[in-house]
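Below: the structure, in structure tokens.
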Amino acid sequence: MKIAPSLLSCDFAKMGEEIEKMDKCGADYMHLDVMDAHFVPNLTFGAPVIKAVRSYTEKPFDVHLMISEPLKYIDDFAKAGADIITFHAESDSDISKTIDKITENGIKPGLVIKPNTPASAVFPYLDKLFMVLVMTVEPGFGGQSFMADMLPKVQEIKAECAKRGLDVLIEADGGISTSTIKQAADAGVDVCVAGTAVFKAEDSAKAIAELKAIAEK
Ligand code: DX5
Ligand code: ZN
């Protein structure tokens, strides 16, 4: 199981140092939540901030775009140093064009689905995707409760990939903790985003190690 700490829960006054710290704590990816106060009712940061903190680690930047028109901004996030860009199937941008734009920039594309969106929404694009992100909370805020009823979607996507011989990573985002990660792992999740569970822990390295150990039991 890979762990992607969500910087949404970090101390923004020290974002670079927080990234450095997560690198040392054993994070696999840095998960960066971009929100536009339109697609979701919250506002965070954009490409300039990501660019400013890019040099603090060599670990991949997993940029989660919760914005209405991702296609317009792919070049900006590419230039800022994103390695993986995930965007929402429910956004206003054309899904195929957005995936192609990400790939043309030499970045790995991922498609995200909100809790009310069925797994089948990603099926037409699976052969072009590096990752599918299944939201296990409504996007917008950290610290919400895990929706275990999203896990059948993970299984459906896994099964579809297996049927078609595709190797697409499945990421889960929202409410991941020591009490929920085992269910996610058993459903076939490959990467878990964790904000609260990692940043609010007294010892983040221990928290990441524990999450991995429980997932792999
Ligand atoms: C929510 C974000 C998540 C969030 C997860 O919209 O996409 O990445 O930070 O936070 P926790 O782990 O606290 O649920
Ligand atoms: Zn996220």
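Cβ atoms are placed via backbone N, Cα and C, with glycine included.
In TrEMBL this protein carries:
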ACT_SITE  D33  active site, proton acceptor
ACT_SITE  D173  active site, proton donor
BINDING   S6, H64, G140, F141, G142, G143, D173, G174, G175  substrate binding site
BINDING   H31, D33, H64, D173  divalent metal cation binding site
Inset, instruction - Reduce the DSSP letter at G175 (substrate binding site) to three states and note it down. - result: coil
Inset, instruction - Count the other Cβ atoms sitting within 10 Å of the Cβ of H31 (divalent metal cation binding site), across every protein chain shown. - result: 29
Inset, instruction - Going by Cα-Cα distance, pick out whichever of the recorded positions S6, G140, G142, D173, G175 is nearest to H31 (divalent metal cation binding site). - result: S6
Inset, instruction - Specify the count of other C-beta atoms within 10 Å of the C-beta of G140 (substrate binding site). - result: 19
Inset, instruction - Mind computing the max CA-CA distance among S6, H64, G140, F141, G142, G143, D173, G174, G175, which the record assigns to substrate binding, rounded to whole Å? - result: 17
Legend entry - From D33, H64, D173, the recorded positions whose CA lies within 10 Å of that of G140 (substrate binding site): D33
Legend entry - Distance [Cα-Cα, Å, rounded] between the residue listed as 'active site, proton donor' and S6 (substrate binding site): 9
Inset, instruction - Measure from the CA atom of D33 (active site, proton acceptor) to the CA atom of G175 (substrate binding site) and give the result in Å, rounded to a whole number. - result: 15
Inset, instruction - Taking Cα atoms as reference points, rank the binding-site residues S6, H64, G142 by distance from the residue listed as 'active site, proton acceptor' and give the first. - result: H64
Legend entry - In the chain carrying S6 (substrate binding site), residues 6 or more apart in sequence that have Cβ under 8 angstroms from it: H31, D33, G142, D173, V193, A194, G195, V198, F199
Inset, instruction - List the other residues in this chain whose Cβ sits within 8 Å of the Cβ centroid of the substrate site residues S6, H64, G140, F141, G142, G143, D173, G174, G175, in sequence order. - result: L8, D33, V137, P139, Q144, V193, G195
